[in-house]
Amino acid sequence: MSTLLGAKQPVLPYSMKHVHHYDNAKFRPRSFFQMVTQALVKSSIRRDCARCSTGKILVLLMFSGLAYLMFTHTSPVPSKSDELMHSSFRKYEDKKLIAGFKGFWRRPPRIPPRLTPDEKVNHNTSIFDSEKLNEKAKWEGRQNKVKEAFIHAWSGYSKYAMGYDELMPLSQRGTDGLGGLGATVVDALDTAMIMGANDIVLEAGTWIEKNLLERITAKGQVNLFETTIRVLGGLLSAYHLSGGEKGTDIIKFEGPKPTVYLEIAKDLADRLLVAFTASPTSIPFSDVVLRDRTAHPAPGGVSSTSEVSTVQLEFNYLSTVLNDSKYGLEAMKVLEHMRSLPTVQGLVPIYISPHSGEFIGQNIRLGSRGDSYYEYLLKVWLQHGTSQDSNFQYLHKMYEEAMKGVRSLLVRKSIPKGLVFVGELPSGSEDDFSPKMDHLVCFLPGTLALGATKGFTKKQAMKDNLVSFADLDNLNLAEDLTKTCFEMYAVTSTGLAPEIAYFHTEQGYSEVGLDGGNKSSEYINDIIIKPADRHNLLRPETVESLFVLYRITEDPKYREWGWQIFEAFEKHTKVDSGGFTSLNDVTKVPPERRDKMETFFLGETLKYIYLLFGW
């Protein structure tokens, strides 16, 4: 209280305790005469004093003194030499004195009411909020367009291929290329939940409840990796989003109870576990026969490095919700074993043997068969918590070492415009560098950004001192690579990226007449697209990185790039009868269509674009 009383009074009476300093009419300041008069008669003692003769004399003396001060003007007498120079100044002073005298009696002008600090903030914020609301409405409209595209894609699948793994939209029929477990149904379910496409949630959920368990027990060979990420992962996502244990119960969906998804996921995982337990090493076999719970290696006897190291998230989560450690333990043995293997500055070959447990060959790349090994080092570490004393801290160290290796051995710039890209070492670090970059490598920008900020926004991570100089370098590389991934789309005639691109480099790699077709692109001479690589499979990697980069940097350009990509999908891959199709050649308009809608277009591509446009 003493602090408040001793503090300087505010300019305006923002609380009642300050009102006596002001004239209440529009908060107008009182005149000096009013203040003196009120001060003399304020207390009972002063009122009593004013009634007696002595008091009257004191009041008279006070006003006499004030009048004397107002009418008396003294100043030093100027010398003769200064008189001419100061005459104009004396005239000014005389006028000033008279004006002061008149001003003493004149009522002060009314001051218009002023806003309080809170009111000022609210006034300014209202303008900002209006702009923000307009921006929000724009992106909600675009998000609804993505939802409409998802419903259109599902309508073609539901009409022509329900229960098959994938839709062939031009042929208007289904195909089983992933083991016949209805992969599109399961892979698309969590996207439908996120979008609030409730009719699709009910249709897909009902099909899963009635058919999937029977399919699992009757079907034959499936790939461990593909079945885990599309079917097991889809079931666990549906369990989580529909209100399962340790999930969210904010949204309630019609259809099966969450436990239905979990029970089917457990049955499937129990069968897939044989890929780990049947192997003589910690590296699982690549294929499983679900019907009789047996496993065997792929033709040639080796497994893909990315495949065996990209099943850990799902098995770890299943162990958590079932409170049964066996699933996570078997899956984590893979990464624990890889920890002991030799690397090339953290980089590893794309093949590994389940028989010897050793890497096979020297081919190093972040494209097919190598990509998600690096992605899951980070994501599994994040899944287990990021504390320094975690038993899984080795994963982050492996990730950091690998990213240093990427920067040192694989990152180059194209000519003439200097696009940053990630190439390959087909025969190891001692042999020639290849300026080849798969579209699959476009997962890397999102991973780099996620690793740099540990999942926080850049602003928050900087504020909390979570970002090192190496993290900032990785974040800058993430932004450069995201730009390159977008230009792989923008450089083509269709606005859609090829499956593989090569880059013109100073080392002499160049091929004439193999550009993307968009002659207005600034990078038409930097990117080379060979005829065999011009297909587009509706892949999600670039839009996933756009989503992560937007959330972390809050830079709106990533949304605009995502919108351009989505419009190109709408224009060139949408099939009127339902569904979307992959393309054979993105450099020509109209493009030749390939008649295949991959499950990941619904399960990932449209999901990430939808989330990118979210508010």
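Placed from the backbone N, Cα and C atoms, the Cβ positions cover glycine too.
Heads up, TrEMBL stuff is auto-annotated, nobody curated it.
Over all protein chains present, the Cβ of Glu226 (active site, proton donor) has 18 other Cβ atoms lying within 10 Å. Residues annotated as active site, proton donor in TrEMBL: Glu226 (among others).
Residues or ranges marked as active site by TrEMBL: Asp371 (among others). Residues within less than 8 Å, Cβ to Cβ, of Asp371 (active site) and separated from it by at least 6 positions along the same chain comprise Ser306, Asp438, Leu440, Val441, Phe443, Leu444.
Listed in sequence order, Asp438, His439, Asp533, Arg534, His535, Asn536, Leu537, Arg539 are the same-chain residues at least 6 apart in sequence whose CB falls under 8 Å from the CB of Glu499 (active site, proton donor). Feature annotation from TrEMBL assigns active site, proton donor to Glu499 (among others).
Look at TrEMBL and you will find Glu541 (among others) tagged as active site.
Marked as disulfide bond by TrEMBL: Cys442-Cys485. Around the Cβ of Cys485 (disulfide bond), the same chain contributes His439, Cys442, Pro445, Ala497, Glu541, Thr542, Ser545, each under 8 angstroms and 6 or more positions distant in sequence.
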Sparsest-packed of the listed recorded positions (Cys442, Glu541) - C-beta count within 10 angstroms: Glu541
